[in-house]
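Below is one structure, written out as structure tokens, with a few remarks after it.
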């Protein structure tokens, strides 16, 4: 019995570049992105200067095996001045994060072949 979970649809290059015919898709294509995504993700920092841990740019770090250590290190960095950081603030947190990365190899390429 064939699975009905997935369906492969093939189209030619010409079909791909044809005008959109579906009314809903036409409406969606002509909609302002801010209306489609009303909670547009602002990036790594929110408007009030807080850390946006939901940003796609840090989401993989937060969700990694070293996510706790990452959050500790970045929170420390954001709550201390450049001068305090130069004086050694956040060193413990950063080292804890780096030790976790080294220990778990959570940012490896997934390529097990030795070169």
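The backbone N, Cα and C atoms fix where each Cβ goes, and this holds for glycine too.
Looking at the stretches 79-89, 90-100, the one that Swiss-Prot records under the feature motif 'Cx9C motif 2' is 90-100. Per Swiss-Prot, the listed range annotated as motif 'Cx9C motif 1' is 66-76 (candidates: 55-65, 66-76). Neighbour counts were taken at the CB atom with a 10 A radius for the disulfide-bonded residues 66, 76, 90, 100; the maximum falls on 66. A separation of roughly 17 Å, to the nearest angstrom, links the Cα atoms of residue 76 (disulfide bond) and residue 100 (disulfide bond).
A distance of 15 Å separates the Cα atom of residue 100 (disulfide bond) from that of residue 90 (disulfide bond). Here residue 90 (disulfide bond) is positioned 16 angstrom away from residue 66 (disulfide bond), judged by their C-alpha atoms.
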